[in-house]
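Residues annotated as active site, proton acceptor in Swiss-Prot, with sequence analysis given as evidence: His129. Taken from Swiss-Prot, the feature NAD(+) binding site covers 29-48, 111-114, 220-222, 246-248, Cys264, and the record attributes it to sequence analysis. Among the features that Swiss-Prot reports, substrate binding site is placed at Tyr73, Arg76. Marked as Zn(2+) binding site by Swiss-Prot: Cys137, Cys140, Cys178, Cys183. Summarising the annotation, Swiss-Prot assigns domain 'Deacetylase sirtuin-type' to 4-274 and lists sequence analysis as the type of evidence.
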Amino acid sequence: MSDCLLPSSDMDAFRKILKKANSVVILTGAGVSAESGVPTFRGAGGLWRTYSAQNLATPSAFRSNPSLVWEFYHHRRENMASKSPNNAHNAIAEFEHRMTKEGRHVSVITQNIDELHQRAGSVNVLELHGSLFKTRCLKCKKIEPNHDSPICEALRGKGSPSPNEVGELVPESLLPRCKVSSCGGLLRPHVVWFHENLDSAVLKKADEELNSCDLCLVVGTSSVVYPAAMFAPQVAERGVPVAEFNMETTAATHHFGFHFSGPCGELLPKALAP
């Protein structure tokens, strides 16, 4: 990208706009959680055993081998026990609390499934891709929060990422099961898999937030996963200031009024400070 196309990196100018904003949308992606040590399972080195996320995070993979897929997600859930919200998550949560006290509005729309925003204290969080800590019953369709560790006894000690530590598959009858009355249906992770559509109700709410905001922040996202990749450019098209915070420029950077390069955990505490 040539310099003439680069947006402003003037933090003082951004903060003047921030102080006047009444409704702020903060779009977050994997770059925010990466600073907490959360693996993305995308790109080089993003393997679990010998599988990529594209091999396991699909409806067909779950139909053919639910035990293997549950081991993968059990590993990811258990791995989160050692992870904590970082300075970026905390800065966003503190900003939301401060704005709420002043009668202003902040909404976090995240592509992440790790609930680190909520653990930091964010309240208005829309999870575009679901959550590692929610389940959905294939039989009754009930969605439930679930922070059990392990999620079921049969998965205790399972899910090692090492291809040398593969034990016997857990029988389907012992995988996580629905506890709603007498349902007993097989549970799946409540996450959006490859080849699945995003939840229409979540998209509708996101659209409402994006259409009513007067400032938008794009934080730690490569802006390549659709439909989220189009959210901020569409906000910019209606003349609303958009600021991107990322380690590098993206395919969408030229749409935005501001771009700040660097770790989100360093940039956001400065950008969102009182």
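Every residue gets a Cβ built from N, Cα and C, even glycine.
Structural mapping of features recorded in Swiss-Prot.
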{"residue": "Gly29", "record": "NAD(+) binding site", "contacts (Cβ under 8 Å, 6+ apart)": "Thr110, Gln111, Asn112, Val219, Gly220, Thr221, Ser222, Val225, Ala228"}
{"residue": "Ser33", "record": "NAD(+) binding site", "contacts (Cβ under 8 Å, 6+ apart)": "Thr40, Lys83, Asn112, Asp114, Leu116, Gly220"}
{"residue": "Gly37", "record": "NAD(+) binding site", "contacts (Cβ under 8 Å, 6+ apart)": "Ser82, Lys83"}
{"residue": "Tyr73", "record": "substrate binding site", "contacts (Cβ under 8 Å, 6+ apart)": "Leu132, Pro189, Val191"}
{"residue": "Arg76", "record": "substrate binding site", "contacts (Cβ under 8 Å, 6+ apart)": "Leu132"}
{"residue": "His129", "record": "active site, proton acceptor", "contacts (Cβ under 8 Å, 6+ apart)": "Gln111, Asn112, Ile113, Val191, Val192, Leu198"}
{"residue": "Cys178", "record": "Zn(2+) binding site", "contacts (Cβ under 8 Å, 6+ apart)": "Cys137, Lys139, Cys140, Lys142, Gly184, Gly185, Leu186, Leu187"}
{"residue": "Cys183", "record": "Zn(2+) binding site", "contacts (Cβ under 8 Å, 6+ apart)": "Cys137, Lys139, Cys140, Lys142"}
{"residue": "Met247", "record": "NAD(+) binding site", "contacts (Cβ under 8 Å, 6+ apart)": "Gly31, Ser261, Gly262, Pro263"}
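Cβ packing within 10 Å was compared across the binding-site residues Cys137, Cys140, and the lowest neighbour count falls to Cys140. DSSP assigns Tyr73 (substrate binding site) to a helical segment in the three-state reduction. Mapped onto three states, the DSSP output places Cys137 (Zn(2+) binding site) in strand.
Within 8 Å of the Cβ centroid of the Zn(2+) site, not counting the listed residues Cys137, Cys140, Cys178, Cys183, the chain contributes Leu138, Lys139, Lys141, Lys142, Lys179, Val180, Gly184, Gly185, Leu187.
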